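Asks: Structure in structure tokens, see below.
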Amino acid sequence: MMKHGKGEDVFKYIEKTNEKNLYRINKGLVPGMNVEGNMYVNEKLKLLIDEEIKMYQLNKSSTFLPAVIQIANVSTLPGIVKASIALPDVHAGYGFSIGNVAAFDMNNEKAVISPGGVGFDINCGVRLIRTNLFYNDIKDKQEELAQLLFNHIPVGVGSQGFILCNQNNLDDALSLGMDWSVKEGYSWIEDKLNCEDNGRSLYANSDYVSVRAKKRGITQMGTLGAGNHYAEIQIVDEIYDKKSAKLMGIEKKNQVCIMIHSGSRGLGHQIATDALIEMEKVMSKYKINVIDKQLACTPIHSPEGQNYLKAMGAACNFAWINRSSMTFLARQAFSKVFNQSPDDLDMHVIYDVSHNIAKIEEHFINGKVQNLLVHRKGSTRAFPPFHPLVPLDYQYCGQPILIGGTMGTYSYVLTGTEKAMENTFGSTCHGAGRALSRNKSRNSLSYSDVLSNLKEKNISIRVASPKLIMEEAPESYKNVSEVVQTCHDSGISNKAFRLRPVAVIKG
């Protein structure tokens, strides 16, 4: 693992371009860069990047790598095309930074797939459900709704779901994704139509999921988990693009929505762990030398690469079922409080997006269509109007992009653009991105102050683990509005509407 001796050695490779909010990470920052890095940050967010670099320089004995170095490291991987891309919410992660997009040429036999480019929580993502309710309808029931959602949706580390699976059921679920949810009565048919990939990965094969991974997943279907995962009752706070919002069923301020942020739980984590161990063992066979062992990888078309792709697809299906199951539970909770059916309450899924995934997609490179394996880690697909993979309902506005904020802050719905297709492989940000480590958050923030701040904003909170109050406080994250505005100003996504939370459920 390479280490720079002086701060200026890093900074001199970072160059501001003529394009708004775009910095270039030039070749030479680390040995063996195949392509440059492109980093989308405004001046305020750039200061956080600079602080990460300075911290790295001061602590020479640490194994910590700042996001800029990680972006450059990814550019050394075999088969990468165009650039290693950092989005405004970028921060240091495992191997790849969180907020990194990297695409690899499927026609290059040396091009690789890397579990670090997806993350441990495979298909961590966000779902947004609208209702025909407005804030006046729920303000006297806010605490009741918060408690009922907390009671209905299993939360926290090790939480167990209400869907009891046996081995055969789980194998079917891992293969079918949301088609399984529809078959079992947990989803409406329309739900999957407004879900990325219709809620089913065609790469999935449960035979490539280890017994240990299945054992971890079998009890966790329909569970929120912990960390930054949440279910929130939100209200529409601002509408920027009335036409796009209307296509999503949003016409007025104060309309009530539910946002669910969760992933593939222990099953996905185990699949990632299994793949990293396997790939570390065999890299020498393929003559792959990585600059950081956390970038363990194998050729896409190798047996190990294909095995991971199939297991990852199964984890994606599990995550879509997981969010579908919690949608079912949220619909039950609202139905119980308002004594109306979910259909009468217009509880339709607006969209469901992933922000930890690798997928084979077609993109134009140097004027030619190429099949690429696009790794998105802490980044969201952002396909434009009239793209064939955008649902029929959204052909005129582009794919909805769901950007979750932090506990007590705004969330956003954006739409995809042609410029994203040209510059970022059809990708944009995924959220706020951490600014403080979990440990620093626990040590520097006060439990009572964070709760008091939420109370002042009239936000109901239910949390299974009190330490999460500090870890997930708004002060622990970058300003999500800055992140979203940077993407909007850069043209890689457009703002449609903004939401603010009135009730937060966390693990």
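Cβ atoms are placed via backbone N, Cα and C, with glycine included.
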Asks: Can you find which of His261, His488 Swiss-Prot lists as binding Mn(2+) 2 at the same site as Cys124, His355?
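Replies: Looking through His261, His488, the residue Swiss-Prot assigns to the Mn(2+) 2 site is His261.
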Asks: Can you pick which of His229, His301, His348 Swiss-Prot lists for the same Mn(2+) 1 site as Asp121, Cys124?
Replies: His229
Asks: Rounded to a whole angstrom, what is the C-alpha distance between His229 (Mn(2+) 1 binding site) and His261 (Mn(2+) 2 binding site)?
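Replies: Cα to Cα, His229 (Mn(2+) 1 binding site) and His261 (Mn(2+) 2 binding site) are separated by 5 Å.
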Asks: Between His355 (Mn(2+) 2 binding site) and Ala231 (GMP binding site), find the distance joining the two CA atoms and give it rounded to the nearest Å.
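Replies: Checking the Cα atoms of His355 (Mn(2+) 2 binding site) and Ala231 (GMP binding site) gives a distance of 17 Å.
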Asks: Cβ within 8 Å of the Mn(2+) 2 site's Cβ centroid: which residues qualify beyond Cys124, His261, His355?
Replies: Asp121, Asn123, Gly125, Val126, His229, Ser262, Gly263, Ser354, Asn356, Gly404, His430, Gly431
Asks: Could you tally the C-beta atoms, other than its own, that fall within 10 angstroms of the C-beta of Cys124 (Mn(2+) 1 binding site)?
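Replies: 26, counting other Cβ atoms within 10 Å of Cys124 (Mn(2+) 1 binding site).
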Asks: Measure from the Cα of Asp121 (Mn(2+) 1 binding site) to the Cα of every one of the binding-site residues His261, Asn356, Thr406, His430, then give the nearest.
Replies: Asn356
Asks: Any idea which of the binding-site residues Ala231, His261, His355 has the thinnest Cβ neighbourhood at 10 Å?
Replies: His261
